[in-house]
């Protein structure tokens, strides 16, 4: 009976965090709008080999993540939930692997359930796991690889070992097809310390080639298909998206070595109090095979991405699955022997909630700021933000009432965030970061437009997805579409600032021409170097400028 209650509680937890509130949040640009539009175009065109964005070749990532996103929109429709359905599914599958692997290592159902809840409630997991990017997919394949390698090395027969390594190769192959060759580097680096400490080199060398073969066979059909269709895909993807992005001096998203330290700290909420003890206990018990394996899968990817020049918070998402298992194991030991870490965790959550309440007041219309984040007419959004932090502090306090028994309720600290964050986003943020909001405000003007031009790829993708059209033209800036725009058949999909006046004269009689520009808050739109317009509609950071036939 207790097991049934636990299962009902887990399903209610998943529903409140990962299902019910998702549709209340508009899509963010540039990431969510980009991936939403790529998948929409895949469904509309029926081309499941070559990814396109705004009708242009888009070679920044392989195909598998787009497949899953497309299936999500096919099943649930072109809506906010449909766009995010794929990443939510991947996150829940990863949580299922956490459950299974914890049960496999310790044979403890309660520990497995706690590891799952800790994983799903970690701030970084929830933030990225409900956000339409490709990282939850690669995380699933990496965690699946972690489980597969363990199965292979623990098998007692050659058939079991062979099956485990073949499965490992499939997960690596799907990882390559999701986000590239990092899906090969991370597993290799993660298992080496364990193999070295356990002296299991023989098994690795005897059976490892099976993983290589199954990985190649997994990638080969699509790899050959896209090479035939687009011969320069692999050159661009390997050199630009891997070497330049991560290793060279001009790498994207350059950041210092210590960049991930604050990411790990913030991402570990509401379980931050368990982080030091979990890592220390893992190191202290490094003679235990399972513990050192989890520790290696936590630390090695973190070090690898810290050394790389290009960094983003999403890159280290896979580290938190083994970390959640270490945290759960440590928490149960602490609850029995010394609950100090659990008390510290409760106080951290109280402090975070109270700090958030104070910060919300400071940036509210009633605070001391001359330019508040929320305006007076957005009072309900301020109260939603207060509720988010109040619930965080409340559940932090509740875990202290009987800490040996109530500490798991820290998982409910982000409940307010899950339910209310979509209602608390300030209008000034929505107007710049949520193209759907802009489309709602300007729908009547946008819909009849013969041509739509914009200077932002993220906004262009949002307009294309909302209006169900892929012919948005880039104006002044090419951004990440630069490579696709270089193809001969992309001629006419970019208009420079100097060419716009002539282009306008040539096309004005064909129908309404709409220009959507991103501007600074204090920028005078009358100073823009464009011909006089018939309509100007400013929505804070986005401006609609329209030219009608004459």
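Glycine residues also receive a Cβ, built from the backbone N, Cα and C atoms like all the rest.
Features of the protein shown, as given by Swiss-Prot:
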TRANSMEM  7-27  transmembrane segment
TRANSMEM  81-101  transmembrane segment
TRANSMEM  113-133  transmembrane segment
TRANSMEM  134-154  transmembrane segment
TRANSMEM  165-185  transmembrane segment
TRANSMEM  204-224  transmembrane segment
TRANSMEM  263-283  transmembrane segment
TRANSMEM  288-308  transmembrane segment
TRANSMEM  315-335  transmembrane segment
TRANSMEM  346-366  transmembrane segment
TRANSMEM  382-402  transmembrane segment
TRANSMEM  406-426  transmembrane segment
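Residues 118, 121-125, 127, 291-292, 294-295, 298, 302, 313, 316, 319-320, 323, 326-327, 329-331, 333-334, 341-349, 352, 392, 395-396, 410-411, 413-414 of the same chain lie 6 or more positions beyond the ends of the transmembrane segment (263-283) yet place their CB under 8 Å from a CB of it. For the transmembrane segment (315-335), the list of distant contacts is 94, 97-98, 101-102, 105-106, 110-111, 114-116, 118-119, 122, 124-125, 128, 135-136, 138-139, 142-143, 146, 186, 260, 263-264, 267-268, 271, 274-275, 277-279, 281-282, 291, 293-295, 297-299, 301-302, 305, 341-342, 403-405, 407: same-chain residues at least six beyond its ends, Cβ to Cβ under 8 Å. Counting Cβ pairs under 8 Å that are 6 or more residues apart, the transmembrane segment (406-426) and the transmembrane segment (113-133) reach 3 or more and are in contact. Sequence-distant contacts of the transmembrane segment (288-308), counting only residues of its own chain at least 6 positions beyond either end whose CB sits under 8 Å from a CB of the stretch, comprise 105-106, 142, 146, 150, 185-186, 189-194, 197-198, 246-247, 251, 257-260, 264, 279, 281-282, 315-316, 318-319, 321-323, 325-326, 329. Comparison of 7-27, 134-154, 165-185 by number of C-beta pairs under 8 angstroms to the transmembrane segment (81-101) places 134-154 first. A Cβ distance under 8 Å defines the sequence-distant neighbours of the transmembrane segment (113-133), meaning residues of its chain 6+ beyond its ends; these are 6, 10, 13-14, 17-18, 22, 25, 27-28, 31-32, 35-36, 69, 83-84, 86-88, 90-92, 94-96, 98-99, 102, 263, 266-271, 313-314, 317, 320-321, 324-325, 327-329, 331-332, 408, 410-414, 417-418.
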